[in-house]
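Taken from TrEMBL as is:
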type   : residues : note
DOMAIN : 6-63     : domain 'HTH lysR-type'
Amino acid sequence: MRYRLPSLEALKVFEAVMRHGTLRAAAVELCLTPQAVSHRIKLLEGNLGTALFLRHGHGLIATENARRLAIEVRDGLDLIAHGVERVQAPVENHRLALHVSPYFASAYLIPNLSEFTARDPLIDLRISIGADLVEFSARGLDAAIHWCYEAPPGFEAIPLLADLKVLVCQPALFAQRPLLEGADLLDHRLIAPLVDNTLWPDVLALFGIDRAPSQGMLRLHTHEAMFEATLAGLGVGLASHRDALEAIAAGRLVAPFGEHLLRRLPRHKTPHFQLLYPHGRAPSKLLLAFRDWMLARTSELGREIQQGEQPASAHHPG
């Protein structure tokens with residue numbers, strides 16, 4: 001049977017953009033530039049004769065056609081990957097398959113990964129990236145690095161790094177509607193992770209607030225999308241520590257209540273990046289080696305975050 005299909009590369013790029021929600025995050029996973037990702041999406045749209053995304057400022061909004069196509073493409077790519085794995089020569093002693101949170105992958109894992117791979121040139125390392133916890137067996141995964149508060153049912157969890165957040169907003173938004181006390185948050189749209197319903201209520205509780213804001217929340221799937229929405233002035237966000245401090249130092253964001261506010265949350269209410277593997281499955285020697293390396297690296301990263309200096313512009317202007 002002859003198949004009339006777009007290129008497999010274009011479909012892989014499309015699937016990554018749909019999963020991450022932004023060109024930049026998809027580009028990190030695919031080792032491409034955002035411009036190259038955008039170019040491939042435009043070629044795919046031309047091939048299909050339909051728009052897959054609506055361009056809105058620096059962001060993308062998936063069309064209904066894109067959402068329908070994404071389901072079929074994802075299933076198709078999974079089937080192809082499983083078929084290829086069945087016929088490949090086994091390299092099990094050196095194979096490590098991971099599923100990693102997008103932000104952890106781009107901010108912490110990929111920039112340091114050469115330290116681990118340099119230990120064994122035969123390592124067959126396979127990394128998929130996504131915010132959701134996927135089914136391990138179907139994808140042949142050994143472990144995941146997942147953003148969560150505690151171990152999901154059926155998993156052993158090893159905390160790697162606290163995802164310390166900073167409450168931030170765009171300077172122009174602050175000038176328009178100042179945040180001088182906690183109650184002022186109730187007059188703003190709050191930007192929240194789609195996978196979590198507790199972080200903002202816990203933050204509001206720090207101010208003694210137990211009622212909902214007057215505006216609806218903006219819930220997005222990835223840190224990348226939430227951070228871009230905050231930079232665009234769509235609401236008040238909770239940005240990861242590193243990105244927040246960089247944006248504050250550059251004058252792109254302000255932290256009305258200082259960078260240390262969320263450190264007052266107890267540990268069980270602070271999200272962590274955790275290494276997960278199925279309960280009852282003995283980890284391989286390679287996974288144990290990765291675990292030990294990751295623990296050493298994140299311990300160092302954690303100290304750097306804890307000792308990080310607060311930029312002079314971290315508080316509200318004036």
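In case you wondered, yes, glycine gets a Cβ from its N, Cα and C as well.
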Q | Reported mean pLDDT - the domain 'HTH lysR-type' (6-63) | A | 87
(Q) Let's see if you can do this one: DSSP helix, strand and coil counts over the domain 'HTH lysR-type' (6-63), in that order. (A) 36 helix, 8 strand, 14 coil
